[in-house]
Amino acid sequence: MANSTGLNASEVAGSLGLILAAVVEVGALLGNGALLVVVLRTPGLRDALYLAHLCVVDLLAAASIMPLGLLAAPPPGLGRVRLGPAPCRAARFLSAALLPACTLGVAALGLARYRLIVHPLRPGSRPPPVLVLTAVWAAAGLLGALSLLGTPPAPPPAPARCSVLAGGLGPFRPLWALLAFALPALLLLGAYGGIFVVARRAALRPPRPARGSRLHSDSLDSRLSILPPLRPRLPGGKAALAPALAVGQFAACWLPYGCACLAPAARAAEAEAAVTWVAYSAFAAHPFLYGLLQRPVRLALGRLSRRALPGPVRACTPQAWHPRALLQCLQRPPEGPAVGPSEAPEQTPELAGGRSPAYQGPPESSLS
């Protein structure tokens, strides 16, 4: 009885984990696809290339290593696909290359925003985005090549263990963890820390008096009106929101995976499934964190959604109940502007039942 209860509990936990993993997979595909469309159709974004690169990396990961985690890995995966040595090595290479490409891409995006905010008037000091992203992919390729130096994978009858934590890097695993997680974390922390410091200084700076502003009188009422509030608001609160979310999301998703890479192989294998899918959740969180928190992206997404959805049928205004204005309101196409009170046609003497409201009497020549 106890064994059956334990089996049922493990099956329920595996099913819930599989459902959550599938939700993360769908969210990564849909979110990054929608954000990539918005970025490509919005020419005003200054860091559009970094955002598009991050979306492409997330889509590649969601289309390659995440399905392998659902099909080939043990719970929360299905564990029904048995990969041979060559496909398993390819899966290790993709995992060891795409994860650093994602973390280094996030760090490059943070540094680009730091230069745009802190040094907006010095565009010559910014390296070209193509050069930065080329360096990111070169480093990711070298880190992925380290996975080919590990122990060979097991033959197909054994369970598929094709991740980086399953002996894919061998003695190079600590070096891979430092370059793939510690270095991007330090770069991201420095970039968003600088952004927060600059924003907080701007919030603490007193506003400049407007030109032509009237001087306050020295009366008691004027002194009471300019007293500070009893509960002063902490300056820089809004400025701390975006850096805190970016750094917190990076630490929550990637810190467990990096610590597992530095742990012994036995403990890393025990926590492999949990830390792997926590890291994979970053692919689904990036569109909301780096896309929807930007006002230009939200505005562009709203414009695209309004163009895609059919427009609502406009109703007639209550001021346009004149028969001729009502006939025009019913006959015009739905996309036309609504007839307002200033646009309603004037009443004719025939429809008004005699003289028009603007009738002022006979001309002066007839009175003489």
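Cβ from N, Cα, C; glycine included.
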Please state if H53 and F172 fall on one side of the membrane according to Swiss-Prot. no
Is the count of Cβ pairs under 8 Å between the transmembrane segment (240-260) and the transmembrane segment (130-150), pairs 6 or more apart in sequence, 3 or more? no
Any chance the transmembrane segment (178-198) and the transmembrane segment (92-112) have 3 or more Cβ pairs under 8 A, given the pairs are 6 or more apart in sequence? yes
Tertiary contacts of the transmembrane segment (92-112), defined by C-beta under 8 angstroms and 6+ residue spacing from its ends, are 47, 50-51, 53-54, 57-58, 60-61, 64-65, 126, 129, 132-133, 136-137, 139-141, 143-148, 150, 153, 162-164, 168-169, 176, 179-181, 183-185, 187-188, 191-192, 246, 250, 254, 257, 279, 282-283, 286, 290
Composition by DSSP (helix, strand, coil) of residues within the topological domain 'Cytoplasmic' (40-53): 7 helix, 0 strand, 7 coil
Listed in sequence order, residues with CB under 8 A of N8 (N-linked glycosylation site) and six or more positions away: none
